[in-house]
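> Straight out of TrEMBL:
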type    : residues                                 : note
BINDING : Q46, F47, R48, D49, K50, N83, S122, K152 : 4-amino-2-methyl-5-(diphosphooxymethyl)pyrimidine binding site
BINDING : D84, D103                                : Mg(2+) binding site
DOMAIN  : 11-204                                   : domain 'Thiamine phosphate synthase/TenI'
Amino acid sequence: MNKMKTILPVYFIAGTQDVRHLSGDPAQNLLSVLKQALEAGITCFQFRDKGEHSLANQPIAQKALAQQCQALCRAFNVPFVINDDVALALELAADGVHVGQGDMPIETVFARTQGKMFVGLSTHSLVQAQLAQANPHIDYIGVGPIFPTQSKKDQDPAVGLDFVAYLRQAGITKPIVAIGGVNAESAPRLLGDGADGVAVISAIAQASDIAAVVKSLKG
């Protein structure tokens, strides 16, 4: 069994920018939300601390928070992924790194990681998925945004709920995690259409009952 199929089912992505609705220290709030999500059974966590409401301008604090998130993930034996920052992923010996189409060129990512961690790539079209399919170094693809979402600025146009099925019918066999406005209502359809998992930000970060949301995302 492809290890990605056990990693991708409930893939939580978050940074301090995603918990600003909570009062108090954003770093501690992120750790609290992550701990609840881990206790509820998420299968992967991606540290994505980006944007004006993140710790992007406080690299020391950001790295310290990443390390704390990683320690929590290790305690629950859940893979820890860094978004985009390959240098930080290598420094922390993260389990994986995820990059977007506009981030570091994927061949540069491979040259730097040298098989030390799994690599995920965001895709937003059939052509991008086909290029990823042909690359043996890419372990899984993120597909989306399925729906428009407020979690990311400058996002690509929504691909729609039918897109995962379309990719599978077009011969894409790489592990797929669907992302972008996904919630408990849409997750079963996406999984039934061939997604190996769903990636969520606000569905968990803004949940009043994290355990219930994670359970429902598992289908």
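Glycine residues also receive a Cβ, built from the backbone N, Cα and C atoms like all the rest.
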> Could you round the CA separation between R48 (4-amino-2-methyl-5-(diphosphooxymethyl)pyrimidine binding site) and D103 (Mg(2+) binding site) to a whole angstrom and send it over?
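If we compare the Cα positions of R48 (4-amino-2-methyl-5-(diphosphooxymethyl)pyrimidine binding site) and D103 (Mg(2+) binding site), the gap is 13 Å.
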> Tell me the Cα distance separating D84 (Mg(2+) binding site) from D49 (4-amino-2-methyl-5-(diphosphooxymethyl)pyrimidine binding site), rounded to the nearest angstrom.
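The Cα atom of D49 (4-amino-2-methyl-5-(diphosphooxymethyl)pyrimidine binding site) is 10 Å away from the Cα atom of D84 (Mg(2+) binding site).
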> Reported as an integer number of Å, what is the Cα distance between F47 (4-amino-2-methyl-5-(diphosphooxymethyl)pyrimidine binding site) and D84 (Mg(2+) binding site)?
9
> Taking all residues of the domain 'Thiamine phosphate synthase/TenI' (11-204) together, what is their mean pLDDT?
96
> Report the same-chain neighbours of N83 (4-amino-2-methyl-5-(diphosphooxymethyl)pyrimidine binding site): residues 6+ apart in sequence with Cβ closer than 8 Å to its Cβ, ordered by sequence.
I13, Q46, F47, R48, D49, K50, V97, H98, V99
> What whole-number Å value do you get for the CA-CA distance of D84 (Mg(2+) binding site) and S122 (4-amino-2-methyl-5-(diphosphooxymethyl)pyrimidine binding site)?
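One finds 11 Å between the Cα atoms of these residues.
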> Quick one: Cα separation, S122 (4-amino-2-methyl-5-(diphosphooxymethyl)pyrimidine binding site) versus D103 (Mg(2+) binding site), in Å?
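S122 (4-amino-2-methyl-5-(diphosphooxymethyl)pyrimidine binding site) and D103 (Mg(2+) binding site) have their Cα atoms 10 Å apart.
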> Just to verify: the residue among R48, K50 with the fewest other Cβ atoms within 10 Å, which of the binding-site residues is it?
K50
> If you draw a 10 Å sphere around the Cβ of F47 (4-amino-2-methyl-5-(diphosphooxymethyl)pyrimidine binding site), how many other Cβ atoms fall inside it, taking every protein chain shown into account?
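For F47 (4-amino-2-methyl-5-(diphosphooxymethyl)pyrimidine binding site), the 10 Å Cβ neighbour count is 28.
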> Given the binding-site residues D84, D103, which one has the fewest other C-beta atoms within 10 angstroms of its C-beta?
D103
> Measure the Cβ-based neighbour count of S122 (4-amino-2-methyl-5-(diphosphooxymethyl)pyrimidine binding site), defined as the other Cβ atoms within 10 Å of its Cβ.
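24, counting other Cβ atoms within 10 Å of S122 (4-amino-2-methyl-5-(diphosphooxymethyl)pyrimidine binding site).
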> I'd like the Cβ neighbour count for D49 (4-amino-2-methyl-5-(diphosphooxymethyl)pyrimidine binding site), meaning other Cβ atoms within 10 Å of its Cβ, all protein chains included.
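Around D49 (4-amino-2-methyl-5-(diphosphooxymethyl)pyrimidine binding site), other Cβ atoms within 10 Å: 28.
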